[in-house]
Amino acid sequence: MSSVGTAEPDGDQRDRQVSKLIFFLFVFGAVLLCVGVLISIFGYQACQYKPLSHCSMVLKIAGPSCAVMGLGTVILARSRARLQLRERQRQGHQDPDQSFFCGESRQFAQCLIFGFLFLTSGMLISILGIWVPGCGSDWAQEPLNETNSGEGEPQICSFLSLQIMGPLIVLVGLCFFVVAHVKKKSNLSSSRDTSEIEGGHTHSTEPVHITVGDSVIIFPPPPPPYFAESSAAAPSPGANSLHRIENPPSYSSLFNLSRTPTPENQGAASERDREVIYTISGPGSSSESSHTGHLPLDLPPRYEEKETAPATPLGAPSESSPP
């Protein structure tokens, strides 16, 4: 018993540690992915307006490397999470991710962090596309002919690709927030359903509020259950009597109730004796009938003996009557 009791907490603790590791891998991979995308965009967009010798190769190498490492970490964490979920479903254990962080599930926290990272990255990319780089001599392209140089049209020095990509990444971050909200609602509904299934017979003392249009109708709380379940769970002093009522005595035992009266059945026995007294009819006196009311069930033979006994003295004077 003790080994089984200690094995279950160890298994739950191991599952929680694995969940924390998966959460860390998800967050670390998402951060690497966002940083790699930012470095790659900034490096390649900045280097396309400069000669290759003046552009740093670190940005071109570090950006894609970080993005690939982050994507691989996210895929690894996702596969490990699926394996853990299948193992828990096979063993029938409870999900430790339901209250992972501040009472929220792990998926909800992951979606929040992903949304925040993508939202921040999209805003940074949009800022880079609008204000960086400025209009300088190094970034200005050479005019193709002399006629165009005379025209005083302002040059657009911002990156059009960054201006398009930034809002798209912000939109992806907002989608992650929506997914987090949906995850929270689904977790609340599932926990409510499980609580209703486990304690479906619990009595609620709160009034019921129903909204119809602009008005709110308040109904009183439902009445308590007619038959309490506690009486069935805990044996009460009257449980034996209830059991006796549910299982009536045998038919043959009904004839022996008058012979061995109990304190509980004395009233019923007296009533039954009175019924026997008033239903018996015969030539005997009332004292005899009252006396025979308490006799056993073999009463008819004794009545016959009493009837034959007074018949003999009646016949004797008839014989001696003639002189």
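Glycine residues also receive a Cβ, built from the backbone N, Cα and C atoms like all the rest.
Below 8 angstroms of C-beta separation, residues 59-60, 62-78, 80-81, 84, 100-101, 106, 109-110, 113-114, 117-118, 120-121, 124-125, 128, 161-162, 165, 169 of the same chain, each at least six residues beyond the ends of the transmembrane segment (22-42), sit close to that stretch. Under the heading transmembrane segment, Swiss-Prot lists 22-42 (among others), citing sequence analysis as support.
As annotated by Swiss-Prot, transmembrane segment applies to 57-77 (among others), with the evidence given as sequence analysis.
With a cut-off of 8 Å between Cβ atoms, the residues of this chain six or more beyond the transmembrane segment (112-132) that come close are 26-27, 30-31, 34, 37-38, 41-42, 45, 158-163, 165-177, 179-180. What Swiss-Prot records for 112-132 (among others) is transmembrane segment.
Summarising the annotation, Swiss-Prot assigns transmembrane segment to 159-179 (among others) and lists sequence analysis as the type of evidence.
Feature annotation from Swiss-Prot assigns compositional bias 'Polar residues' to 251-268.
For 251-323, the entry in Swiss-Prot reads region 'Disordered'.
Residues or ranges marked as compositional bias 'Low complexity' in Swiss-Prot: 281-290.
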